[in-house]
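Read the structure below first, then the notes.
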Amino acid sequence: MKIKEVIVVEGKDDTKRIQMAVNADTLETRGSAISDETLDQIEDLYDKRGVIVFTDPDFSGEKIRKIITEAIPGVKHAFLTKHDAAPSHKGSLGVEHASPEAIREALAHLYTEVPDGEPLISREDLAVAGLTSGPQAKEYRRRLGEYLRIGYTNGKQLYKRLKLFQITPDEFKKALEYIKNEDNY
């Protein structure tokens, strides 16, 4: 599988794992303290080839994703579930632990930001669905993030991410039906 865009990852181990799964060029941020020089490189690559942000499903990965998104609106995003990024032994979550199949699957389900898009799902929709409060809210958000392949978020961030990626009411409804069926988990 050849990827035209440059994939932005956190470190060299992520690059190695990505290149085991697909034929792609990567750019490493070398952690969550992204320099202006690195952001300039990402912006240059975005203009020339396109960019896919593919970070770990943890706090640092989300921080990197947010920094890049704010600096360069319109980048594409690939997400791994925490399960797919879990180490087989001790350690933290990371792209470097994902199987080649999980990486290819994430890259097959990219999201492109629509920074100024109108929200298609309301905050009320999230509340009615039990995604912002209640005993199951956190678990439902986790499942929703996995099903839609948009990563885990808290209630406030979920609204922003659904808007950013223009998740449709139909996609949202199908996801809710799936995540609330206990037989699927």
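Cβ atoms here come from the backbone N, Cα and C positions, even for glycine.
Since we're looking at a predicted model, the values are computed, not measured.
Quick look at what Swiss-Prot annotates:
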- 4-87: domain 'Toprim' (DOMAIN)
- E10, D56: Mg(2+) 1 binding site (BINDING)
- D56, D58: Mg(2+) 2 binding site (BINDING)
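Computed over the domain 'Toprim' (4-87), the whole-number mean pLDDT of the model equals 95. With the fewest other C-beta atoms within 10 Å around its C-beta, D58 stands out among the binding-site residues E10, D56, D58. Taken residue by residue with DSSP, D58 (Mg(2+) 2 binding site) is part of neither helix nor strand, so it is coil.
The separation of E10 (Mg(2+) 1 binding site) from D58 (Mg(2+) 2 binding site), Cα to Cα, is 12 Å.
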